[in-house]
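K.L.:
Sharing the record's features from Swiss-Prot:
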BINDING   Gly179, Gly181, Lys182, Thr183  ATP binding site
REGION    1-73  region 'Domain I, interacts with DnaA modulators'
REGION    73-131  region 'Domain II'
REGION    132-354  region 'Domain III, AAA+ region'
REGION    355-475  region 'Domain IV, binds dsDNA'
Amino acid sequence: MSDTEQERWSRVKGRLRSTVGEDIYSSWFARMDLESVHGESVRLSVPTRFLKSWIQAHYAERVLSCWQAELPDVHRIDLTVRSAMRCAAPVREAPATDARHPERSEGRNGVELKTVATAPASANHDALGGSPLDPRLTFQSFVTGRSNTLAHAAARQVAEGRRGDSVMFNPLYIHAGVGLGKTHLLQAVTWAGNAGTERRVLYLTAEKFMYGFVAALKTQTALAFKEALRGIDVLVIDDLQFLQGKSTQAEFCHTLNALIDAGRQVVIAADRPPSDLESLDDRVRSRLAGGLVVEMGSLGEELRLGILRSRVEAARVHHASFDVPEPVLDYLAKAITHNGRDLEGAINRLLAHSKLNAQPVTLEMAEREVRDLVRPQEPRRIKIEDIQRVVARQYNVSRSDLLSSRRTANVVRPRQVAMYLAKTLTLRSLPEIGRRFGGRDHTTVLHAVRKIEALVSKDTTLSDEVELLKRQLQE
């Protein structure tokens with residue numbers, strides 16, 4: 001793909017993000033890739049059939065219009081499904097070691113480095129239609145840092161439990177943005193849990209759960225489907241934000257309750273906290289919030305450097321002469337800040353260029369090969385949706401509460417704080433802010449802003465809360 005096409009694709013993605021909003025973009029479009037542009041046709045790809053069908057049904061016209069704003073001659077969008085990875089039979093995990101030393105190595109600034117180990121054997125309960133597992137995604141290959149330490153520790157404790165043990169974190173709910181390691185941890189739990197024969201561990205994407213339930217209804221095997229699921233010792237559900245349909249959500253809620261009440265473990269991942277999963281039934285959100293909810297934050301520079309080093313070590317398993325000098329790793333860690341997938345992609349590009357051209361990796365080569373992955377270092381643009389999400393989490397209310405007409409004290413103050421932050425941290429007008437808060441009048445927003453301004457000047461507790469929220473939004 002040419003640099004021009006990549007630049008166009010970046011602009012189209014930015015236009016699409018502005019059109020649908022950050023939450024919808026993250027849920028449905030973050031994993032969409034550009035495959036090719038030919039005349040009046042653009043070919044895009046997504047990883048699953050579910051994403052393809054949903055985007056075609058709900059967003060096809062918006063995607064086309066965003067492309068036409070860039071290339072007016074485009075009249076057709078072809079959406080395809082990328083081939084799913086078919087794993088070869090894996091072997092048991094080996095102890096994590098550095099490729100050059102027999103002991104585990106520590107990266108600079110305390111980032112733990114691990115080589116990518118192969119995974120233990122597991123059928124993932126194919127009789128129940130478990131989702132495919134990637135043999136690279138084990139605890140051995142997971143790089144820990146400040147932003148993911150708690151999630152890693154909780155997942156590891158769950159994986160090391162035995163049948164009959166008391167369950168401490170149930171459900172364990174992990175949320176994070178795209179490419180920050182949620183799926184890696186969930187699959188690591190599955191591999192480790194299935195390493196022995198004692199416990200039955202099943203990994204399912206929300207899409208797979210949904211399709212399995214619908215298929216069971218059509219074939220009149222719903223009872224067998226339910227009984228099989230409830231016989232699992234550890235149920236692992238990924239991408240919960242994609243769970244759709246009232247009957248499917250009701251069945252998921254029943255399964256969740258049955259497993260937890262029976263002392264079985266449930267592990268779930270999504271791209272947002274339970275309170276922000278507004279498409280889910282209130283009962284499901286309440287049950288999820290009652291467990292351990294852990295957020296995996298953005299990757300700090302130390303962690304990015306650790307991930308890069310681990311990917312280089314993994315590449316050396318098959319390409320022993322491959323080497324990335326330390327200055328290049330430092331540059332990549334500073335320049336590529338979005339997510340772990342971009343970091344892995346950068347190493348793959350350097351490996352390909354080095355091998356195909358028989359050239360050593362240099363800083364100049366790296367700057368040239370990864371320039372489309374480097375984002376300008378500009379202040380983060382804060383959206384009203386971000387403010388609503390962060391404020392709702394801070395005050396333990398839902399985003400829908402902030403948009404509702406409820407006037408209880410535990411909702412009014414967070415709503416006023418959110419409106420105040422929207423006025424001070426964004427360029428939106430008072431009428432626009434009012435519309436984003438459930439269609440309120442601009443005078444309501446003005447009252448909230450003046451109210452919080454007055455309180456902040458004399459209430460140190462509230463002042464500290466507001467400053468904390470500002471820091472969280474600006475990070």
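Every residue, even glycine, has its Cβ placed from backbone N, Cα and C.
Because the structure is a prediction, the values reported are computed rather than measured.
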K.L.:
Taking every residue in the region 'Domain II' (73-131), what is their average pLDDT?
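P.N.:
Mean pLDDT for the region 'Domain II' (73-131): 47.
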K.L.:
Residues other than Gly179, Gly181, Lys182, Thr183 within 8 Å, Cβ to Cβ centroid, of the ATP site?
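P.N.:
Neighbours within 8 Å of the Cβ centroid, excluding Gly179, Gly181, Lys182, Thr183: Ala176, Val178, Leu180, His184, Leu185, Ala269, Met296, Gly340.
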K.L.:
Just how many other Cβ atoms lie inside 10 Å of the Cβ on Lys182 (ATP binding site)?
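P.N.:
If we count other Cβ atoms within 10 Å of Lys182 (ATP binding site), we arrive at 23.
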K.L.:
If one looks at the chain holding Gly179 (ATP binding site), which residues at least 6 apart in sequence have a CB under 8 angstroms from its CB?
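P.N.:
Listed in sequence order: His338, Asn339, Gly340, Arg341, Asp342.
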K.L.:
I want to check the contact list for Thr183 (ATP binding site): same chain, sequence separation of six or more, C-beta distance under 8 angstroms. What comes out?
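P.N.:
Spatial neighbours, sequence-distant, of Thr183 (ATP binding site): Leu137, Asp238, Asp239, Ala269.
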K.L.:
Can you break down the region 'Domain IV, binds dsDNA' (355-475) into helix, strand and coil residue counts using DSSP?
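P.N.:
The counts are 83 helix, 0 strand, 38 coil.
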K.L.:
For Gly181 (ATP binding site), list the number of other Cβ atoms lying within 10 Å of its Cβ atom.
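P.N.:
The answer is 27.
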K.L.:
Could you tell me how many residues in the region 'Domain I, interacts with DnaA modulators' (1-73) are helical, how many are strand and how many are coil under DSSP?
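P.N.:
Counting residues by DSSP class gives 46 helix, 12 strand, 15 coil.
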